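The transmembrane segment annotation in Swiss-Prot covers 4-24, 28-48, 65-85, 91-111, 157-177, 373-393, 399-419, 438-458, 463-483, 492-512, 529-549, and the record cites sequence analysis as its basis. Look at Swiss-Prot and you will find 190-275 tagged as domain 'RCK C-terminal 1', backed by sequence analysis. The domain 'RCK C-terminal 2' feature in Swiss-Prot is assigned to 277-360; the stated evidence is sequence analysis.
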Amino acid sequence: MSDIAVTISVLSLVAVLGLWIGHWKIRGVGLGIGGVLFGGIIISHFANQYGLKLDEHTLHFVQEFGLILFVYTIGIQVGPGFFSSLRESGLKLNVLGGLIVVLGALLVVIIHQVTEIPLDAILGIYSGAVTNTPSLGAGQQILNELGMQDITETMGMSYAMAYPFGICGILLTMWLIRLFFKINIDKEAENFDRETGKDKETIRKANIRITNANFAGLNLRDIPGFEKNGIVCTRLKREQDIFIPQADTQLQVGDILHFLGDPKILHEMELILGESIQVEASAMKGNLRTERVVVTNEKILSKKIRTLAFHQQYGVMISRLNRSGVELIPTANTTLQFGDVLHIIGSADVMDKVIEMFGNAQSKLNQVQMLPVFIGIGLGVLLGSIPFSIPGIPVPLKLGLAGGPLVVALILARVGTIGKLYWFMPPSANLALREIGIVLFLSVVGFKSGGNFVHTLINGNGLEWMFYGIFITFVPLLITGIIARIYAKLNYLSICGLVAGSMTDPPALAFANSLKENCGASALAYATVYPLVMFLRIISPQLLAILLWRAV
């Protein structure tokens with residue numbers, strides 16, 4: 001067999017063993033994908049004993065390409081929610097998530113300054129302690145740019161030493177906070193449901209009858225506040241006639257308007273127009289038909305709703321738009337993206353033509369457009385290769401293969417569509433590419449780390465590294481958890497989601513969800529902080545490397 005064939009075969013064995021180890025669970029908690037790292041360490045230990053050498057060039061390519069795939073697909077996954085998570089609605093949770101990252105980084109600086117732990121080792125400990133593999137890749141990239149050599153083995157070993165307690169430490173923090181504050185899970189779930197009850201309906205329906213005679217003869221657009229984003233009138237009932245009103249439709253006393261939109265604006269409409277009444281849904285249907293349509297027609301991507309003119313041509317209206325799980329009230333200036341789910345209302349006679357205009361090809365949602373994938377990867381690698389100088393740093397720095405693809409993926413996922421190119425990726429395809437990437441990366445890192453792993457653990461600094469990893473895992477989580485409970489007044493289940501999300505750890509989220517399966521508090525908090533924290537976890541080791549390199 002050729003060297004390349006031997007290398008690929010051994011890495012495949014590493015992946016099989018590692019994934020098998022990752023499926024082992026103790027009380028529902030396992031290593032997950034991190035098992036691949038330990039599979040690599042085990043195989044490498046025996047390969048070293050028998051003198052088996054793998055092709056270095058192949059190992060290097062597999063490691064870097066796996067990292068690129070993983071980081072890029074992470075960016076595509078979290079991109080749509082990354083920028084929205086920075087908005088005010090999730091400000092409190094994101095500040096607390098950022099605090100966990102900052103506290104961990106400060107501990108790294110302190111430990112490095114008061115001990116003799118090498119820079120590559122402390123960055124590996126940091127990545128393992130926070131159970132974040134992209135952080136490990138980013139740290140390796142920046143140290144290479146700074147001129148450090150032969151760092152993969154040390155970083156991989158220190159990462160592996162800290163990783164196991166990184167997982168256990170999250171669960172231990174949840175348990176200690178629960179014990180310290182004497183938490184009643186059922187009561188916390190009830191409190192969450194009660195507190196969020198008012199906010200569950202971001203879009204509400206209302207039937208309002210016009211009793212204010214001042215609006216008789218005025219156009220629909222003349223209603224104060226009607227032009228505000230966040231409200232739409234989808235039907236007008238006048239005696240026995242039901243139709244979709246235009247902006248210039250003249251109003252009459254007794255008209256019943258069916259609105260969708262922001263509850264606050266709807267309340268204003270009630271005060272201005274007349275009274276809110278209960279009307280059976282069938283009574284407001286008439287000859288109108290409602291359909292749920294998916295945008296898949298490449299000809300209308302990136303176009304504004306007003307330019308399609310379907311409202312004027314067919315009398316059809318879009319009442320709601322769902323994009324990446326977020327429900328919106330569209331305006332005439334809303335730009336359509338691939339995968340947008342539209343709720344449209346119109347005459348049954350023309351509905352089929354309108355559906356054809358939007359595409360509604362459900363099968364396309366399961367297809368991956370490969371051209372945008374490689375365009376994004378190429379642009380990411382290009383961006384990561386552009387050097388920039390920072391005063392005091394001896395060499396120009398780069399975002400590298402971890403930072404470049406991540407930044408580009410975040411931007412492209414947020415943009416969504418450029419011409420006929422769209423960066424929508426089916427969740428199953430994204431997960432497959434992401435898992436392949438991380439398995440490739442961890443297989444090589446584990447194999448390169450395994451030769452001296454046992455010796456380092458028994459005779460070297462392994463136990464010391466493990467202790468510092470426990471410190472970096474536990475202290476930031478516990479401090480932030482207490483602050484979140486006492487000062488931020490967060491629900492305990494939300495704190496569990498915050499803790500899991502700040503460590504970007506799905507097994508921890510699964511554990512948090514199992515505390516109260518019918519309550520979505522943990523999942524909501526996890527999803528809120530995940531995009532920003534993932535970005536900070538990848539950027540933080542690079543900033544730490546620059547800071548500590550300057551201090552050397």
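Each Cβ is built from the backbone N, Cα and C atoms, and glycine gets one as well.
Since we're looking at a predicted model, the values are computed, not measured.
Note on the transmembrane segment (91-111): residues 85, 117, 122-123, 125-126, 129-130, 468, 471-472, 475-477, 479-480, 483-484, 488, 490, 494, 498-499, 501-503, 525, 528-529, 532-533, 536-537, 540, 543-544, 547-548 of its chain, located 6 or more positions outside it, place their CB under 8 angstroms from a CB of the stretch. Ranked by number of Cβ pairs under 8 Å to the transmembrane segment (492-512), the listed stretches 28-48, 157-177, 463-483 are led by 157-177. Broken down with DSSP, the domain 'RCK C-terminal 2' (277-360) shows 24 helix, 29 strand, 31 coil. Residues of the same chain lying 6 or more positions beyond the ends of the transmembrane segment (399-419) and with a Cβ under 8 Å from any Cβ of it are 64, 67-68, 71-80, 82-83, 134, 137-138, 141-142, 144-145, 301-302, 335-338, 372, 376-377, 379-386, 535, 538-539, 542. Highest Cβ pair count under 8 Å relative to the transmembrane segment (438-458), across stretches 28-48, 157-177, 529-549: 28-48. Under DSSP, the residues of the domain 'RCK C-terminal 1' (190-275) split into helix, strand and coil as follows: 27 helix, 28 strand, 31 coil. Looking at which of 28-48, 157-177, 529-549 has the most CB pairs under 8 Å to the transmembrane segment (463-483), the answer is the stretch 157-177. Within the same chain, residues 71, 74, 78-79, 81-82, 85-86, 90, 93-94, 96-98, 100-101, 104-105, 108-109, 112, 119, 122-123, 126-127, 130, 132, 134-136, 138-139, 141-143, 146, 390, 393, 397, 399-400, 402-403, 406, 410, 497-498, 501-502, 504 sit at least 6 positions outside the transmembrane segment (529-549) and bring their C-beta atoms closer than 8 Å to a C-beta of that stretch. Here the domain 'RCK C-terminal 2' (277-360) has a mean pLDDT of 81 out of 100.
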